[in-house]
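Colleague: Per TrEMBL, the features are:
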type    : residues                                                       : note
BINDING : Gly105, Glu106, Ser107, Gly108, Ala109, Gly110, Lys111, Thr112 : ATP binding site
DOMAIN  : 12-701                                                         : domain 'Myosin motor'
DOMAIN  : 882-1068                                                       : domain 'TH1'
Amino acid sequence: MEVKTSLLDNMIGVGDMVLLEPLSEDSFIDNLRKRFDHNEIYTYIGSVVISINPYRSLPIYTPDKVEEYRNRNFYELSPHIYALADEAYRSLRDQDKDQCILITGESGAGKTEASKLVMSYVAAVCGKGQEVNKVKEQLLQSNPVLEAFGNAKTVRNDNSSRFGKYMDIEFDFKGDPLGGVISNYLLEKSRVVKQPRGERNFHVFYQLLSGASDDTLKKLKLERDFSKYNYLSLDSAAVNGLDDAANFRTVRNAMQIVGFMEDEMQSVLELVAAVLKLGNIEFKPESRCNGTDESRVKDKNDLKEMCELLGIEQSVLERAFSYRTVEAKMEKVSTTLNVSQAYYARDALAKNLYSRLFSWLVTRINESIKAQAKTRHKVMGVLDIYGFEIFEDNSFEQFIINYCNEKLQQIFIELTLREEQEEYVREGIEWTNIEYFNNAVICDLIENNQNGILAMLDEECLRPGTVTDETFLDKLNTVCAEHQHFESRLSKNSKFLTDHSLPHNCFRIQHYAGKVLYRVEGFMDKNNDLLYRDLSQAMYKANHSLIKQLFPEGNPAKVNLKRPPTAGFQFRASVGTFSFLMMLQTFPADSSSCGGIQSPRQKSLPHFHRLFWSVIKRVPGLMETEGERAGYAFRQTYEPCLERYKMLCKRTWPHWRGPAREGVEVLMTDLQVPPEEFSYGRSKIFIRNPRTLFFLEERRKQCLEDLATLIQKIYRGWKCRTHFLLLKQSQITVSAWYRRYAQQKKYKRIKSATTLVQSYTRGWQARKLLRELKYQKRCKEAVTTISAYWHGTQVRREYRKFFRANAGKKIYDFVIQRIVSRTRAPSLHVPIDRSWPSRPHLFLDDAHTELRRIFHLWRVSYPTQPVYEEKLEASEIFKDKKALYPSSVSQPFKGDYLEITKNPKYQKLNNVVEEKVLMADVVNKINRANGKGTARIFLLTKKNVVLADQKTGQVKASVPLPDLTSVSVSTQSDGFFALKLKEGTASAVKGDFLLSSEHLIEIITKLHRAGTTAADVEQLNIDISDEFLVQFKQDKVCVKFIQGAPKNGSGVSCKRKNNRLLEVSVPTTAATS
């Protein structure tokens, strides 16, 4: 079994400075040095973790280490940043408390790496799942993107963060990450245009030139050679241990994981390339005729390529570099820019373009990683802020960075010492006040709205007249001369007049971490950070998808004449509105700190003590150990304390009826906790030593295990009883079903035997009956045979009398049949077939010719005789009476136009009609209401006229032929006809039928023939007239036919004129045709 290392087991030095005896500067430094020499880089001061950067890899961040510190108490194992991250995560997950982790220290102390270690640990110990893993991956992959655009190599750090970052990671109630929000503060944008000796520009420039493909560089109009670009320092372009090409591929992959689209990544690279091109633009002076100097671009090739990348007209941007337009109320004044002003405008544009691109990247990442759920989230904040910087040459950037650290120190003091001591007083705890240095006076020196250094810097920048860095220093010497933390050789304070370590163009501030000398040169320009309006408007005119978003103030419709805020004012505002400050002030007891110290890299060991003491003082709160040791490690109000630990005492479990404080007192007394280990306040209990808290937590854990065992026991008993009852019920059900099955099987066996006996008995009876029936049948057949022979004999006797009268026809049919069957006779059904068998003998030539002629005449008349008869009858009825008749002569009468017997669509209708169909066609039934027709199927049999629906085949009307009295048609070329029914018949209830058909002649002819051939049908009258009456139910309507011109190309039309008249218009052409 693996034995975990405790804070006190095999400890090298003292793991927690609170336990250090005696506490002094020497013992403090010696303890840190001793632990550092044994690769123990982490040390506690209460809840603060000190980290000393070893500048080499140590095997203390493996997955095994993550599991080792998972769900362990803060002081249970050796000091480690994983312990701090685990404590914060468990407090957030288990106690529903928002957390904040402050990571601070000087430049190069490893703050960025510490923040990544915290995030990687939280990602490793939280939940799993497809969606959760996606969120974790996006949160982790946001770091490479921000590092590429916001980090750079400095003299102290190869990957120094040149911006402040605060990340809020949001979790759900289970402790799974939902998303996050990143806030950034003061990107060091001056690095874009100028880097100190031995330092580089931001990583992304070198990564792009080293790692991008040749095709990408060609599209961006770039070359791989760093020396081609003025904004890139060459003395430290290559850094040992940094693979810019591999890092570029990592950044591209990270941007894809975070959620950047391909066109967005291309737009970002185009802006980065534009910044490089912008640095290559150089200017030359030119003199105008009025004596003023102006600038012109030397080589316009870089300007042209930059304009092509951003989609800007070259002339617009070139003019913006040469002229400046100043607006005052209703006036505009355009002035020329000299060479130095043009270079200032170029650098200002480059700085603004890059810093706004960085802010857009942060916003775009926030859109991807923000939590989608709208429920309340638990938040863990990780603050990675600038470290305190003291260089040989300190300028405006170091001034505001150190100001940020002063504010951080002030907040730390407020929340750890002053707030804690005030709480002891409020709660009535006996407490000896501990004196500490409050750096509020230094913060006031810098940020005071009246006489603060930043306020005077803004005032100088806005003051009309000649304003320089020297005038600003003179003003500081006048206003701040008597301040105890301000030093200047030109001030009124005489003690600095002979201080040769203080140059004339510098001032010195006594910070909490020591004195820092600031060179005043460049303060005015860097604070102004002024981007001319002409450049903003030129950028807004770009066709690039991203540029318009970055320069909204360039919109001519939204011109703002107010001067933009200075860099110092913006930074002071951002510091004042830190989101992490609000969290810390709201949850002062739920914050953790991690202080970083830079190790003595390339320094000799004799200087270890002096060097460490100088850097330790720069880490906020590290030397306030006395307050941590004298105070209380844990405090909690009585109600939640009792609720959490009441299970440890039988008197308080499960319910305590009295006041919460009395319950806590009973609990602590029953647990026999030494009185010196805790104190009772007015509303809270204070526990001095973390070991007491560990003791309570361990007892609670054991009690929870006992309770869990009890619950498991009860649950298992209930589960077993339930399972037994279920088994019992199942056994009863199975038995019942089995008995039923057995009885059914027995019944079926008995039934089968009975059926078998019955079948044999019935078979014997049936065979006996069959023999009797067969005998009777043979008797009947014998009688029938005898009777048939007798009747045949009688019939033949009678037939002989009439044989001669019928013998001729029978012989003729027999001969014809034999001839057809034995000779190759011509077809009987093809009139045009002229073939005829050859004569057998020459003397039969005349008989052969005559027989051939007679046969062909007979063949023509025999099969087509009914057709000719119908045509002849149609001629008798309609010739010279109906204009439509001539066109029907050449048309054969087909009869069944619908092929009703073959078409499956009319199978149902064919089954209804029992007789042979003489005529089948589609007609239109005319509606008396509007004269419009409805398609109907018209069927004519030997006995009936049937009208059926064309779509469904349903019979709508069936009229027996005897019920028809007459048919009325017009003399013109229309197809209308009326079927008139006998009054009083069942068919005449709905009245006569007015129909229209394209085969009118054939329909009337077949109707007439059907009436003629039927024995029980009277002769059908055919009435041919242009005006006749039709009976519709109770009314008689006159149908009148007139000639008229065709309308819209249509033929015959029927219209209702009134209730008694239907008018059928027949086109003149149709009528005369």
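FYI, residue positions are counted from 1 along the chain as it appears here.
From the backbone N, Cα and C atoms, a Cβ is placed for every residue, glycine too.
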Colleague: Restricting attention to the domain 'TH1' (882-1068), give the mean pLDDT.
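Modeller: That stretch averages a pLDDT of 84.
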Colleague: Look at each of the binding-site residues, Gly105, Gly108, Gly110, and point out the one with the fewest other Cβ atoms around it within 10 Å.
Modeller: Gly108
Colleague: What number of additional C-beta atoms lies within 10 angstroms of the C-beta atom of Thr112 (ATP binding site)?
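Modeller: So the number of other Cβ atoms within 10 Å of Thr112 (ATP binding site) is 21.
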Colleague: Just how many other Cβ atoms lie inside 10 Å of the Cβ on Ser107 (ATP binding site)?
Modeller: 23
